C-alpha cells in the first residue's frame, strides 16, 4: 500500500484550474475553504433555494448553480448526499461535462455500484478524508491535517493521480498521510465499518447493555453512564494508541474482565453474521436495498429513526447531558 506525504504532492496540478465543489455540508465547506485558502480557484455549486448559499457567500466563496458551476469548472468534486447524486448527475452535471474534465468524489458508492457511469473522456478520482468535515477544517486552520484516501478510477488525461494527491495536499491531508486505494476497497470497507462496528454494532451493543442493567433493577442514570457516557473515554484511548493503550490505561480489574468476558459477547456466531453483512455490501444487495428505501420515501428508515428516538436511553441521556455544562452548547 502506497502512502504519500507533502513532498509527494504538488499543487501545480490544480493551479490555474477552475474547481467546483458541489455541496456545502460537512465535507463541502471544508473542501471549498481549505482549497481556497491553499491558493486555488474555487466556487461552490448549490441549488438556488439552498440555505447554504448565504453561508458560503458569507465565508467569502463564489456561489453558482450546480449546472453553471460544472460548465465553468475543470475539476468537479461531488459532495452531495449519496442518494441525490445520481439524479443531479444526470440532469445538471453530465450535460455540462467537457472532454478532459475531472470528476471527484469523497466516497465511492455511486461509482462502485454504477449509479453514476461517467464518460471515458473524463478523469474520475476519489479523495476521502478519514474524518468528519468539521475536523478536516479545524485541523487545517491549526496548520495540520487528517489522513486521506485517494483512488483513480479513470485516468483520461494521464495526471489524474497527481490531481488527487494535489487535492489531498490542498485539504491538509498530506501532512498526516495520503493512502492510495481503490474505489471498490474504500466503498466496501467504509460501508462494512459503518454497519458492523461504528454506527450499527456499537449502537446495538450500547442499547443492549443499557437494557440489561435496567431490566435487572439498576437506575437508568447509572446504566447510561456505564454503557454510553463512558464509552467516549475508552474510544479516545483506542484512537490515541490502539487496543493496547486502552488496556494499559484501565484498571487490572477492567482489563481482566474485558478480556475474559468480551469474547463471550462477540462469539463466532457474531463474526459469521459480520461476514454476511460484508457479503451484502460486496455483492450489491445492501446498495440495492438502500436505493429502494430512498425511492420508497424512507418508510423503513423513518420508522427506525422514530423507534431509536423513543428508546429510554435517549430520554435519560438528554436529561443527564443537560447537567453537563460543557455539552449544552454542542
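Quick reminder: no glycine exception, Cβ is built from N, Cα and C everywhere.
As annotated by Swiss-Prot, domain 'KARI N-terminal Rossmann' applies to 1-181.
Sequence annotations record features per position, and here Swiss-Prot assigns NADP(+) binding site to 24, 25, 26, 27, 47, 50, 52, 82, 83, 84, 85, 133 based on sequence analysis. For residue 83 (NADP(+) binding site), applying a Cβ distance below 8 Å and a minimum sequence separation of six or more within one chain yields 290, 291, 294.
The C-beta environment of residue 107 (active site), restricted to residues of the same chain at least 6 apart in sequence and closer than 8 Å, consists of 82, 126, 128, 186, 187, 190. The annotation active site is assigned in Swiss-Prot to 107 on the grounds of sequence analysis.
The domain 'KARI C-terminal knotted' feature in Swiss-Prot is assigned to 182-327. Per-residue pLDDT, averaged along the domain 'KARI C-terminal knotted' (182-327), amounts to 96 for this model.
Here Swiss-Prot flags 190, 226, 230 as Mg(2+) 2 binding site, drawing on sequence analysis. Cβ neighbours within 10 Å of residue 226 (Mg(2+) 2 binding site), excluding its own Cβ and spanning all shown chains: 14.
In the three-state DSSP scheme, residue 190 (Mg(2+) 2 binding site) is classed as helix. Here Swiss-Prot flags 190, 194 as Mg(2+) 1 binding site.
DSSP gives residue 251 (substrate binding site) a coil state; it is part of no helix or strand. Annotation source Swiss-Prot lists substrate binding site at 251.
Residue 194 (Mg(2+) 1 binding site) is 30 Å away from residue 251 (substrate binding site) when you measure Cα to Cα.
With respect to their backbone Cα atoms, residue 26 (NADP(+) binding site) and residue 194 (Mg(2+) 1 binding site) stand 17 Å from each other.
Checking each of the binding-site residues 24, 47, 226, 230 against residue 194 (Mg(2+) 1 binding site) by C-alpha distance, the shortest gap belongs to 230. Each of the binding-site residues 24, 85 was ranked by the number of other C-beta atoms within 10 Å, and first place falls to 24. Nearest in space to residue 230 (Mg(2+) 2 binding site), taking C-alpha to C-alpha distance over the binding-site residues 24, 47, 85, is 24. By neighbour count, meaning other C-beta atoms within 10 Å, the densest spot among the binding-site residues 190, 194, 230 is 190.
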